[in-house]
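Colleague: Can you keep this structure in mind? I'll have questions shortly.
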Amino acid sequence: MKPPRLTDTTLRDGSHPMRHQFTRQQVATIVQALDRAGVPVIEVSHGDGLAGSSLQYGFSHTSEFDLIETARQHAERAKIAALMLPGIGTRQELKEAVARGVQVVRIATQCTEADISEQHFGLAKELGLETVGFLMMAHMRPPEELARQAKLMESYGADCVYIVDSAGAMLPQDAAARVQALKDTLSVQVGFHAHNNLGLGIANTLAALEAGADQIDGCLRGLGAGAGNAATELLAAVLDRLGLNPGLDVFSLMDAAEYVVAPIMPFQPFPDRDAITIGYAGVYSTFLLHAKRAGAQYNVDPREILVELGRRQAVAGQEDWIIDVALELSRRHQSSARKESRP
């Protein structure tokens, strides 16, 4: 293993549990703390990427462009990154983000849809950006298929391609196999982004590093969607113990998590019943509330709904399946009950 490059995404993935309510002052304080601690890349944007502020994904308290500008002003050494999802962010948003200080763009697609990112990588390269590809929900497809998708992103201009465990559903061997497949296929760097829904964020990141990952992600205090991400301060401590510290100040990151981020967190993400269900089922956390509502309407345990959605490999944008699955399960339960009641 070699020391990886760490991207802290507290100010992007952490926007989900913060309900996209970060302020300029909070961004300034967090960026300063991360920058002083030696974090080389800090991601700042709406939780769903550039232009995510909307009725569908949740409105931001402060324009993400203002937050990006604030981050750039307070980062002496770190690069500022932003997430972009084709279909949400457009050319205009990316150009504005660059004008405000973005130096790295991370372009995210569903893990089977890398082909929709070609124009976005092309524009990013025209703008002189470092480019990173994100293959989301990567637990759903086998390693060899992910490698083919990653190869497309590489051909479009990606400088690194990430395996992204969006649902926190992977086991360590899953993370290792997927990273290894990309390392065997690509000539560019490979990254890994963990979520902690099964309590394996750190373990999966270590497995990815053992398989050759060049870049990894973390959030201070684990502040991220679902049960959160691998905690940046924990990653720093573990990397230091392994002799793989890439220049991070472990104590400074511990202090940043404890005294800067913890006081503003609405709650501490952890693997509670809901988060475990998301990881166990392998679905997006955005399905959870809809499944609970459908479960109440049709008298079905929402966990059953989520597990069935995972079996059907539902992804974001297919929330309409939830009612269909709830109704189908309700009818199935009623049929079973009738059979059991017969003499």
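Every residue gets a Cβ built from N, Cα and C, even glycine.
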Colleague: Which one of ASP8, ASP13 goes with HIS193, HIS195 at the Mn(2+) site, as Swiss-Prot has it?
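Modeller: The one candidate that Swiss-Prot places in that Mn(2+) site: ASP13.
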Colleague: Write down the one residue from SER166, SER187 that Swiss-Prot lists together with ARG12, ASP13, HIS193, TYR284 as binding substrate.
Modeller: SER166
Colleague: Neighbour count, 10 Å Cβ-Cβ cut-off, for ARG12 (substrate binding site): what number do you get?
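Modeller: Excluding its own Cβ, ARG12 (substrate binding site) sees 28 Cβ atoms within 10 Å.
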Colleague: Grab the substrate binding residues from the record (ARG12, ASP13, SER166, HIS193, TYR284) and give me their largest CA-CA distance in Å.
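Modeller: With ARG12, ASP13, SER166, HIS193, TYR284 as the binding residues for substrate, the largest Cα distance is 17 Å.
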Colleague: Between TYR284 (substrate binding site) and HIS16 (active site, proton acceptor), how far is it from one CA atom to the other, in Å?
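Modeller: The Cα atom of TYR284 (substrate binding site) is 13 Å away from the Cα atom of HIS16 (active site, proton acceptor).
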Colleague: Take the C-alpha atoms of HIS16 (active site, proton acceptor) and SER166 (substrate binding site) and report the distance between them in angstrom, rounded.
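Modeller: About 13 Å separates the two Cα atoms.
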